[in-house]
Amino acid sequence: MKWNGWGYNDSKFIFNKKGQAEFTGKRYRLGGMVLPTFKEWIEKTFGASLEHKTTSRASLNVNDVPPSIVNEEFLQDLRATNISYSQDAEDRVFRAHGHCLHEIFVLREGMFKRIPDIVVWPVCHEDVVKIVELACKHNLCIIPFGGGTSVSSALECPEEEKRTIVSLDTSQMLAESGFCTGHEPDSMEFSSLGGWVATRASGMKKNIYGNIEDLVIHIKMVTPRGIVEKNCQVPRMSTGPDIHHFIMGSEGTLGVVTEVTIKIRPVPEYQKYGSVVFPNFERGVACLREVAKQRCAPASIRLVDNAQFQFGHALKPQVASIFTSFLDGLKKFYITKFKGFDPNILCVATLLFEGDREKVLQHEKQVYDIATKFGGLAAGEDNGQRGYMLTFVIAYLRDLGLDYYVIGESFETSVPWDRVLDLCRNVKERIVRECKEKGVQFAPLSTCRVTQTYDAGACVYFYFAFNYRGISDPIHVYEQIERAAREEILANGGSLSHHHGVGKLRKRWMKESISDVGLGMLRSVKEYVDPNNIFGNKNLL
């Protein structure tokens, strides 16, 4: 794994000796492929140049790492449990952060002021109980660590924390099951089941399988006050407020999730990709709303705006044959010339159907029939499959951007159907306006997609990025712009977060989001379960 970027060391976007972009490694389908138009896109979109390159530190300098401060009596007690632990600088730094832009920027340029003092690796529920008991005995601070994919500053250590900070890494507690849950967040390669529960996660196939709250049957959590769990594993209970909902979304503030019972299904027998081109974003949103209304959404349906369509097109690999290139040209001619779609306005929905073959084909026809009513044209399986192929490599692009003075980030929200279009337009316009006011010299990329649909609304996912050449403190400028974008989301009727969670990054808006009384209720639970703030990551509250 990279110590200062996303994912695996052998997997990354680079510009080769010919100046062409390519993706290295063999872990992903895109591996080894050349992306012939990406260089032109990044130069045109950001004003970036291969001649202007930044350099990050090649390796971690352990002399920069804050020293480990651990109580010797605690260490003696920990050794007696035979639970694995480490005070090595590399292990501690790796668990000191998630993947927010500012966290990765710090790793490339400097070092965090506060990191965990020790990392522990429990292998079972009983180990976690022992660690929490020791933390209470010695008054330590525990920060649970799952897969490290947080994008809400949830894993950052509070700088003012004077107690020993213990990073409790749950990675050794995950057992391979061999079954399909259908829960597939974009971070699924690296994120953990406990992390999904702790952040109220959502996956791209939630239309069939549900969000994490729909999949969970039973949870066991270790807290300083004791163990929280229900006494049986049943589909539903009417026993007051559901205690699972105190745990889901608690973001490591109350305890450690040690066991989860989750629904499983047989691996689907048949899977089929698809895509639809719409003349504009408005038609596309109307189509998705109708699909949701008729409750016939495929496993995944995602609508990208034109800027994101252009972005995706720039990541199209070099075709292997003249015939394929000819067919692509024919499709483009048919859509733009014969059907009159403006290539600078059109948008695309990617589709993924799965299940019983006969039902999938029936389902597919139903969705395409609806799309036709809104001016949509079927655009083929290849485009749909390529869209989902990019899901797990898109996060690697930020590291490439940082090498050429481009910083970027994603954020999300949920919004009622009647506010989707206004919110998308207003947030994108606000980002452009804020960039100009903050002295960003080049026009930013400001784009969105509708990624999940519900009866009452949708999840909207934004990307924005800009060239920071000439800006002395790009992270400060970026954070100001993101804050303004979040204010715009809330002003337009959107939620604080659909699935990324709150962490420390968004907690300033918690009172506005759930009311003063609601926040007081959460504080009361925290004070009862963890009166000495053993789980002191300062998320949410």
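All residue numbers here begin at 1 and follow the chain in the order shown.
Every residue gets a Cβ built from N, Cα and C, even glycine.
The domain 'FAD-binding PCMH-type' annotation in TrEMBL covers 62-267.
The FAD binding site annotation in TrEMBL covers 144-150, 199-202, 251-257.
Residues or ranges marked as site 'Important for enzyme activity' by TrEMBL: Arg302.
The feature substrate binding site is assigned by TrEMBL to Arg398.
Residues or ranges marked as active site, proton donor/acceptor by TrEMBL: Tyr461. Residues near Tyr461 (active site, proton donor/acceptor) in space but far in sequence (CB under 8 A, at least 6 apart, same chain), listed by position: Ser410, Phe411, Glu412, Cys448, Arg449, Val450, Thr451.
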I'm trying to understand the geometry here, so how far is the Cα atom of Gly252 (FAD binding site) from the Cα atom of Arg398 (substrate binding site), in Å to the nearest whole number?
27
Can you tell me the CA-to-CA distance separating Ala201 (FAD binding site) and Arg398 (substrate binding site), as a whole number of Å?
22
Please identify, from the recorded positions Arg302, Arg398, the residue with the sparsest Cβ neighbourhood, meaning fewest other Cβ atoms within 10 angstroms.
Arg398
At 10 angstroms around each C-beta, which of the binding-site residues Pro144, Gly147, Gly252, Gly255 has the fewest other C-beta atoms nearby?
Gly147
Residue pair Pro144 (FAD binding site), Arg398 (substrate binding site) - Cα distance, angstrom, rounded:
26
So for Ala201 (FAD binding site), how many other CB atoms are inside 10 Å of its CB?
25
How big is the Cα-to-Cα gap, in Å, between Gly255 (FAD binding site) and Arg398 (substrate binding site)?
32
